[in-house]
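This report refers to the structure that appears directly beneath it.
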Amino acid sequence: MSFRALLFSSNFPKSPPETISTRTKPSPTRCLIRSPVNSPHGCRLSRLSATEGRRRRSGKVYADVREIADSLRELVKFGDSLNGAVASEDDLDSAVPWWEQFPKRWVIVILCFSAFLLCNMDRVNMSIAILPMSAEFNWNPATVGLIQSSFFWGYLLTQIAGGIWADTVGGKTVLGFGVVWWSIATALTPVAAKLGLPFLLVVRAFMGIGEGVAMPAMNNILSKWVPVAERSRSLALVYSGMYLGSVTGLAFSPFLIHQFGWPSVFYSFGSLGTVWVALWLNKAYSSPIEDPELLPQEKKLIVTNCISKQPVKTIPWKLILSKPPVWALIVSHFCHNWGTFILLTWMPTYYHQVLKFNLTDSGLICVLPWLTMAFSANLGGWIADTLVSKGLSVTTVRKVMQSIGFLGPAFFLTQLSHVNSPAMAVLCMACSQGTDAFSQSGLYSNHQDIAPRYSGVLLGLSNTAGVLAGVFGTAATGYILQHGSWDNVFEVSVGLYLVGTVVWNLFSTGEKILD
């Protein structure tokens, strides 16, 4: 029974009683009322005792009871209106879709993640499609190598330029440009290949130009959107998009080539960029201040916990290059990428020559390091952010995470010469790449720590060194294998990992050094 029904079921007299004995002196009428918190009118009739003994004959009792009934009726009307107001607020909350209540900063992170997923999908598809393409166009190994390297021509050109552009005009514009540019270049690859080798080389270099601005632009936009306490796991998620993009590209490219021919890989992968761009233009903003749909609570959280300001107008190159932590980033990025690029480009050859896997097994095993890196990068990000939230200094967290990213791969690579089974060798490789991914919470997060306003420029500088390490390291590995062994290849990588560890722990910091 509802409160209203229960209340008005009381048998209040409808008219004054005819006679009431007055032998005994009546006690006063009592109403015990309980008032709920924050309700000035709210009360509940707990007990109504009209008389003790016999009451005197009077219309006063009727009047008193009538007063109480009228008050209770007013109370119920107030309660109904209050319940209606509460119901209206509940209906308003339930009317807001769940996706609009999702934190906007993590929408930006997920969009950046998907951009990097597309980035590596479009990059690795050539490594699969080059086999039927070389057969169709009669390319020799030297030509194949030239085509594969042409991507880095453009990629090197736009690292620093992309950082300057992102820091001055905003990350939304630059990342959107990059995705559109490399998607068009991807879709034009079959046309360029049929026109001739020079056209293909130009298109691949153009693709590198588009992908070269992605990292600096992403770093810039996240420095404005993500609070310090969430920085490591947000960057780890975004970079894991690259690893999963490689897995996706390696998994779907053979199927598409088999079913529809090698051009289908470039057409289908390139067209996905249009979907991403439509979402990006509709949902993304370079900073939370520019977003008119951002909820006030989230805007306050971001603005009070992010230290990046508005885009800069000039880049203080002399000041930037005079800081030891900046050079620690550049040197460490070079040392890190030397080993990473070697493992990711030469491992199929290692599996085939040393472990005696056939081509199919080697292709499947090559996916394992990418999956391991995707998992451990996110694990490292959550660990790093948890340590920061527990009160550990950002400097300590960055040094610990990057030390794992250096010493872990160094240790597991030294074990390769002592293992006898292919399974153990693959396990060592997976562990090496898994610990390598902890660098996402080390040096890859440090650009935003030390210079949030110039994070795009810093990433452009350090990643240029990283790309050069990949180019030189890949070429040097071929030379070493021609005159030495795989043990010599791993020894060089281990040595650079150790150099990076020393430089990083001596000169890096998690404190802001440039405003």
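Start at 1 and count along the chain as shown; that gives each residue its number.
Placed from the backbone N, Cα and C atoms, the Cβ positions cover glycine too.
TrEMBL: automatically predicted annotations, no manual curation.
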Among ranges 407-431, 457-481, whichever one TrEMBL labels transmembrane segment: 457-481
Paired segments the transmembrane segment (234-256) and the transmembrane segment (488-507) in contact, 3+ CB pairs under 8 A: no
For the transmembrane segment (106-126), distant same-chain residues with Cβ under 8 A (at least six beyond the ends): 147-148, 151, 175, 178-179, 182-183, 186, 189, 204, 207, 211, 214, 218, 221-222, 225-226, 234, 237-246, 248-250, 253, 265-266, 269-270, 272-273, 276, 279-280, 283-284
Contact call for the transmembrane segment (457-481) against the transmembrane segment (173-193), three or more Cβ pairs under 8 Å: no
Region pair the transmembrane segment (173-193) / the transmembrane segment (367-388), three or more CB pairs under 8 Å: no
Beyond the flanks of the transmembrane segment (488-507) by 6 or more, those residues with Cβ under 8 Å of it: 324-325, 327-328, 331-332, 334-336, 338-339, 342-343, 346, 399, 402-403, 406-407, 409-410, 413-414, 416-417, 442-443, 473, 476-477, 480-481
For the transmembrane segment (146-166), distant same-chain residues with Cβ under 8 A (at least six beyond the ends): 123, 126-127, 130, 139, 174-175, 178, 197, 200-201, 204-217, 219-221, 315, 454, 456-461, 463-464, 467-468, 470-471
